[in-house]
Amino acid sequence: MGLSTVYSPAGPRLVPAPLGRCRSAQPRRPRRAPLATVRCSVDATKQAQDGVATAVATEAPASRKECFGVFCTTYDLKAEDKTKSWRKLVNVAVSGAAGMISNHLLFKLASGEVFGQDQPIALKLLGSERSFQALEGVAMELEDSLYPLLREVSIGIDPYVVFQDVDWALLIGAKPRGPGMERAALLDINGQIFADQGKALNAVASRNDEVLVVGNPCNTNALICLKNAPNIPAKNFHALTRLDENRAKCQLALKAGVFYDKVSNVTIWGNHSTTQVPDFLNAKIDGRPVKEVIKDTKWLEEEFTLTVQKRGGVLIQKWGRSSAASTAVSIVDAIRSLVTPTPEGDWFSTGVYTTGNPYGIAEDIVFSMPCRSKGDGDYELASDVLMDDFLWERIKKSEAELLAEKKCVAHLTGEGNAFCDLPEDTMLPGEV
């Protein structure tokens, strides 16, 4: 099968598709055409006035070869619920879209669980030449799921095409660490991927694009990506540490004998590695400081931290695979924390750019810190944070690791020659 082909709803065979052209010319590099597009057209004016869509007509596959089955349908927005108000279509790109994490995530995105039940969505799926057939299979499953909010699905292997006009980029795809691979080598290999994707986002994505980096090592990959995308505010880049936060909440709830909805103000400081700092000093259980509820200081300082750090490895030992489903849930949580207002007094953890932070953490790295949002996609760092010597000492250890990683990838961030001196291996279990 050629790479410029699309699935035809008329039958199981593949039909040739003409090469497409991108609106934003990129003379410095050759372009591939989008490999396939699944699109549901919506009239924006009618959308604002009339409400929910009803399928009334389907174009012939020959006239719209980019269509994928039912997504060739045109919706008549005058036909149904007059009180329903659709928001503007949100374009979401997902890299590593044929992987296990994405397999859980994409259906949550399409269902409205993430952005809301009045938010139409377009999914733009980035893969590789090797994963292209799997991407077609993903698109077929999305088609069969009949999500009314899912208006477009496109698949491709060129980030300059897939990232066109995206509002959110969820960068999951990264090379796993192979047997005998040095951590410095993994930083370089994955760093190249995120440098290229940063350049593509810089060239063609929305200027207000929100970027969530999941592929590991995610903090430094996020730094590389933002350094290669100066057209997008550095504040818009995030490294996923929400799964670590969720794991910490679970352990505190178990120890206190409460359900986890009673646990708040949990922070993961630092790197997504075994130097991460689950913060129990500021955490609360049912509105009370954790140290007032859990009086076992030795457990908090030792077992709690180690349990959170090693949770992924234990899961692999039990199940034989890494935590794809819970990672997808944590991505949903991370996005929702930015698009819905933070509950009063609470905060959430996300890896963000440190320049200008109020805590004294080194600038110009991506570091997980406590944040609050008004629900507009923006955030502010929490100011009402307690700090003691025990917490600060561990924060500085994670900071030192990220500064060392930054030196390893200086050639990818425009800061000269790389120098790599990583004295210990702190990759989280399951990521080696």
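Backbone N, Cα and C atoms are what each Cβ position is placed from, and that goes for glycine too.
For HIS272 (active site, proton acceptor), the Cβ neighbour count at a 10 Å cut-off comes to 29, with all displayed protein chains included. The DSSP secondary structure for HIS272 (active site, proton acceptor) is coil. Taken from Swiss-Prot, the feature active site, proton acceptor covers HIS272, and the record attributes it to similarity to another entry.
Cβ environment of SER102 (NADP(+) binding site): VAL94, GLY96, LEU125, VAL138, ILE172, ALA328 lie under 8 Å away, each six or more residues apart in the same chain. Here Swiss-Prot flags GLY96, ALA97, ALA98, GLY99, MET100, ILE101, SER102, ASN190, VAL214, GLY215, ASN216 as NADP(+) binding site.
Neighbour density for ARG177 (substrate binding site): within 10 A of its CB lie 18 other CB atoms from the protein chains shown. Look at ARG177 (substrate binding site): DSSP puts it in coil. Look at Swiss-Prot and you will find ARG177, ARG183, ASN216, ARG247 tagged as substrate binding site, backed by sequence analysis.
Note: GLN197 (NAD(+) binding site) has non-local neighbours SER95, PRO159, PHE163, ALA169, LEU171, CYS225, i.e. same-chain residues 6+ apart with C-beta under 8 A of its own C-beta. The NAD(+) binding site annotation in Swiss-Prot covers GLN197 and rests on similarity to another entry.
Annotation comment: Swiss-Prot describes CYS67-CYS72 (among others) as disulfide bond.
All chains included, 16 other C-beta atoms sit within 10 angstroms of the C-beta of CYS420 (disulfide bond). Under DSSP, CYS420 (disulfide bond) is assigned to coil, being neither helix nor strand in the three-state scheme. Among the features that Swiss-Prot reports, disulfide bond is placed at CYS408-CYS420 (among others), with the record citing similarity to another entry.
Feature annotation from Swiss-Prot assigns region 'Disordered' to 18-37.
Under the heading site 'Activation of NADP-MDH', Swiss-Prot lists CYS67 (among others).
Among the features that Swiss-Prot reports, site 'Activation of NADP-MDH' is placed at CYS72 (among others).
For 1-40, the entry in Swiss-Prot reads transit peptide, with the evidence type experimental evidence.
Separating the Cα atoms of ASN216 (NADP(+) binding site) and HIS272 (active site, proton acceptor) is a whole-number distance of 8 Å. Cβ neighbour count for GLY96 (NADP(+) binding site): 22 (other Cβ atoms within 10 Å of its Cβ, all protein chains included). Around ARG247 (substrate binding site), taking its Cβ as the centre, 23 other Cβ atoms fall within 10 Å, counting all chains. Look at the Cβ of each of the binding-site residues MET100, VAL214 and count the other Cβ atoms within 10 Å; the largest number goes with VAL214.
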